[in-house]
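Undergrad: Taken from TrEMBL, the feature active site, proton donor covers H128. The annotation Zn(2+) 1 binding site is assigned in TrEMBL to H132, H168, D169, D278. Annotation comment: TrEMBL describes D169 as Zn(2+) 2 binding site. Positions annotated as domain 'PDEase' by TrEMBL: 52-339.
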Amino acid sequence: FDYPLQKYAQQGEVESCTRRKVKRLLSFQRYCHASRLLRGLVAHSPGSMHLLDDNYLGQAGHMLSKVSTWNFDIFLFDRLTNGNSLVTLMCHLFNVYDLVHHFQLDMVKLHRFLGMVQEDYHSQNPYHNAVHAADVTQAMYCYLKEAKLAEQLSPLDIFLGLMAAAAHDVDHPGVNQPFLIKTQHHLASLYQNTSVLESHHWRSTVGMLRESGLLSHLPPDMSQDIEQQLGSLILATDISRQNEFLLSFREHLDNQSLDLQLASHRHFILQIALKCADVCNPCRVWELSRQWSDRVCEEFYRQGDLERKFDLEISPLCDQQTDSVPMSIYNETFLCILN
């Protein structure tokens, strides 16, 4: 567990670790830290700068020709890209939509930003890691390809949808919001116990956008609008807001009031699409769905073990001593909760 447990760790360690984290999280000026100027580039091999060239990818490039299919195997793709599935996928999709040209993006800055995002996912998390982010991004692409939506989307809509999908869980600690609240984690205090993780994912994304300078060439009002819209999309993934979005969506459907020529309605559909992409893995083919179920159970059980260790009430679905259930039943329970 990468975050300090303030209530239980030794006081000196807590203060030191907390200072480092607060310094990192409270400010959008992370780019001022000279020691991190090369972050996002140094973690990759020299060949990574050629990720926009599909010929370079070999078998991974062949897989990308089928990236719009629902049964895309993100686990195999991650192995073929040597753990760079998120960066590789995003570069490919930016090519598909010609977003680099449309927004006049600097390719070095783009690679740096995507490398930073991928790096800030915790590989030790069984579920909330960069492979999950890549899986959600691929699902989002499938939704963006739906004919009725695709014909109405602007380049900005597509840019926002892909960026939000890629960064929606960045720097996830591998535990849920109630755990952060009951351990008095500094993130819970910072965001006042409301959409704690989602707020952190968004603010971290904004920090990386500014650190990389990806949008620095755009007019300030446009870059600020992009940051705010990314926040609206990422915050929509808060599962506690499920009823809010379901009711609004059903109302639109019942009244046939969705008008995709309106930017606000397209943004709402992007929120719905991201929410669906975030939790769609039980709807994948069994070979993929089973792996995701195993991973999310392992992550939940790790949290339960921490709660047991510190004599806390064990959260639902997190007690591996009592909650072991067949994966099919687990998936069914999860989908029922969402509905």
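A Cβ is built for glycine as well, from the same backbone N, Cα and C atoms used for every other residue.
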Undergrad: Give me the long-range Cβ neighbours of the residue listed as 'active site, proton donor': same chain, 6+ apart, Cβ under 8 Å, in sequence order.
TA: Y121, H122, D169, H172, G174, E299
Undergrad: Out of these binding-site residues, D169, D278, which one has the fewest other C-beta atoms within 10 Å of its own C-beta?
TA: D278
Undergrad: Quick check: which same-chain residues outside H132, H168, D169, D278 lie with their CB within 8 A of the centre of the Zn(2+) 1 site CB atoms?
TA: H128, A133, V136, A165, H172, T237
Undergrad: Give me the count of other Cβ atoms within 10 A of the Cβ belonging to H132 (Zn(2+) 1 binding site).
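TA: Result for H132 (Zn(2+) 1 binding site): 23 neighbouring Cβ atoms inside 10 Å.
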